[in-house]
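Below: one structure, written as structure tokens.
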Protein chains: 2
Amino acid sequence: MTSSTAPTSASIASSATAAPALHCVPIALDQRSYDIHIGPGLLDSAQSWQGLPKAACALIVSNEVVAPLYLERLRLQLAAHYRRVEFVQLPDGESHKDWASLNLVFDHLLAQAADRKTVLFALGGGVIGDMTGFAASIYMRGVPFVQVPTTLLAQVDSSVGGKTAINHPLGKNMIGAFYQPERVVADLDTLDTLPQRELAAGLAEVIKYGPIADAEFLAWIEANLDALLARDKRALAYAVKRCCEIKAWVVGQDEREQGLRAILNFGHTFGHAIETGMGYGAWLHGEAVGCGMVLAADLSVRKGLMPPEFLPRLRRLIERAGLPVQAPRLGAERYLELMRVDKKAEAGEIRFVLIESLGRAGMHGAPDELVAAVLSDHCG
Amino acid sequence: MTSSTAPTSASIASSATAAPALHCVPIALDQRSYDIHIGPGLLDSAQSWQGLPKAACALIVSNEVVAPLYLERLRLQLAAHYRRVEFVQLPDGESHKDWASLNLVFDHLLAQAADRKTVLFALGGGVIGDMTGFAASIYMRGVPFVQVPTTLLAQVDSSVGGKTAINHPLGKNMIGAFYQPERVVADLDTLDTLPQRELAAGLAEVIKYGPIADAEFLAWIEANLDALLARDKRALAYAVKRCCEIKAWVVGQDEREQGLRAILNFGHTFGHAIETGMGYGAWLHGEAVGCGMVLAADLSVRKGLMPPEFLPRLRRLIERAGLPVQAPRLGAERYLELMRVDKKAEAGEIRFVLIESLGRAGMHGAPDELVAAVLSDHCG
């Protein structure tokens, strides 16, 4: 897989005012296809909400942090299309991505006698998107939903690919479904209210797309990281668009994660172990992935797949983004135990996404001793 | 829809000993197809378990009533194909068809680090089938599963069509997924241990297929009910096969219940209200459906769709099967409230499956007063 094969979609920018940063990335899947709208000002634009499935009722799912900022504006737009616009607030954070929170959605839907045409709107970050998508996939065996991601991580990652899930005490994202949204509306203005730590967490997933799929994009990120950190809309728009394009291209070839799609999990095997081992919420998902990429880069070098200079190059970029590059001291045994329940593991063998050349990744096993050596070099 | 359009599949019986009652009903769906094996002695036949997806681990899900009877025999067969054959026992009955029980499956799978190739086997009735299927659909976003139904109801109904679900305190089967098994193995010998009350509950679903799809089959049931009640294998085999054929034909045209498939819910709108209103488990599902068909038959007559003699004819058959024909006194208001959250309801309007002619059904609304009149005539 090389960068030259991941196609670039056309910008839909046409008016002068919208010129800086308005894109539409079409996601073409076998049975279900949808568009990702990317740009500033989309939340308040009537066009963003036209042509969605008709229903008597819409339910906005959000949390206590995002709802005060954007709920009323979204409600106002949706009131033009749905007789009733309901709202349910979930607790914020990865530590609440569980069945108890999910059930709040079902309690609300059933108390309101919401029928099987009801449309769910996920207003928030990746946790809200994952939970709302999963709730939509199993409420009355499936109702439509729309993603309105308000974090960089959700805009580049969880809004593409149809993966929805909740956590289980014994593993992250272990209970879930593949379920596609009707549309994704990624309003870049919502990133203005994002705490810097969460912006950095989103940049981890942006950086990821370079080494696994697009060497030129990696160079672009290195050149434009300061603009991204300063929330320059033009830079953000390009980054979100390019990530969605790459992910769409990968997912389009492998919707059910039988093969190629697994490369999107670069940094995630170590990352999930960090998240689970530290307790959900202690590290942000993007922080764990950022650090996990450093470890996976080292493993790629130690396996002889990449030249030694790849490790400091990637580590420097991750560090510049404001992400941790030292893994927590859980002990190698605990790491190995946590990684053996990873969804990519087969019959107890841990499988890692490793970089084979810049812009190309693949699945590899590794002896426990080699993994332990990597961990011992990067635990802070 | 008439009986002449629901095709009959060929018997696979070939050897002399298997002659009485061995059938294979193929279920052809867009992306996933599978076979229903019907006959005596299938549990102990190596052929029943060949050609399933390969995996390191199989998990048998059953309950405290069925496991002592059949677990070891199934385990013995599966040990020839899977390195590990795990078992998890769920509490018995509709009142336990909830998230807490479902989570016992996930706890076990994750504690054993069961990977995403693990095959689940549902050994039991409709509740075990629904829960195992739903667990399989969401564990690691989907693992394969096999149905081994041990009740008549599960053999004729829950093993065809891919509907899986759990209950919510505010509604039955409200949380679930459409998910197809790899195979269904319906061993008729397992019906020998079924309590008479559960056999009758299964007959409710058998009877259902007559009025909705096959007038000749209705007459066959009337002529063979005594043989069915006496558990004659030849009669049971024909009944199970014919029900699966009809259901497969309906589901094949409408996998996602957009239209035609809803006719399979004849008697279920009233039936679900009885089940939810009385508390899950007080009435068996089949008992509630049997009684619900009496009410829906009356509504069909009162709406002028069917001649008056249809009601006593169907009521007599349901009564002969040993099923209740008098609904519990919940009050018309409570019934209407419960039915308005039915999955078939749209924007608060209750929709009933009514009989339009023998072997043909359709969806109809009805004024609250007419429904109340029906309820007042049939509440015991």
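Including glycine, each Cβ sits where the backbone N, Cα and C put it.
Sequence annotations record features per position, and here TrEMBL assigns domain '3-dehydroquinate synthase N-terminal' to B:88-200.
Marked as NAD(+) binding site by TrEMBL: B:92-97, B:126-130, B:150-151, B:LYS163, B:LYS172, B:190-193. Annotation note: B:THR193 (NAD(+) binding site) sits in a helical segment as assigned by DSSP. Listed in sequence order, the residues of the same chain lying 6 or more apart from B:THR193 (NAD(+) binding site) and placing their CB within less than 8 Å of its CB are B:LEU69, B:THR150.
If you look up TrEMBL, you'll see B:202-345 marked as domain '3-dehydroquinate synthase C-terminal'.
Same-chain residues at least 6 positions away in sequence with a Cβ under 8 Å from that of B:HIS268 (Zn(2+) binding site) are, in sequence order, B:VAL289, B:GLY292, B:VAL353. For the recorded site, B:HIS268 (Zn(2+) binding site), the DSSP three-state label reads helix. Taken from TrEMBL, the feature Zn(2+) binding site covers B:GLU205, B:HIS268, B:HIS285.
Counted over every protein chain shown, other Cβ atoms within 10 Å are most numerous around B:GLU205 among the binding-site residues B:ASP92, B:GLU205.
Most Cβ neighbours within 10 Å among the binding-site residues B:SER95, B:THR151, B:THR190: this distinction goes to B:THR151. The binding-site residues listed here are B:GLY126, B:GLY129; among them, B:GLY129 has the most other Cβ atoms within 10 Å of its own Cβ.
Geometry remark: B:GLY129 (NAD(+) binding site) versus B:GLU205 (Zn(2+) binding site), CA distance 16 Å. When other Cβ atoms within 10 Å of the Cβ of B:HIS285 (Zn(2+) binding site) are tallied across all protein chains shown, the result is 28. Rounded to the nearest whole angstrom, the C-alpha distance between B:THR190 (NAD(+) binding site) and B:HIS285 (Zn(2+) binding site) is 19.
The Zn(2+) site is defined by B:GLU205, B:HIS268, B:HIS285, and by the 8 Å test on Cβ atoms against their centroid, the other residues of the chain that qualify are B:LEU153, B:ASP157, B:ALA204, B:LYS208, B:GLY267, B:GLY271, B:GLY286, B:ALA288, B:VAL289, B:GLY292.
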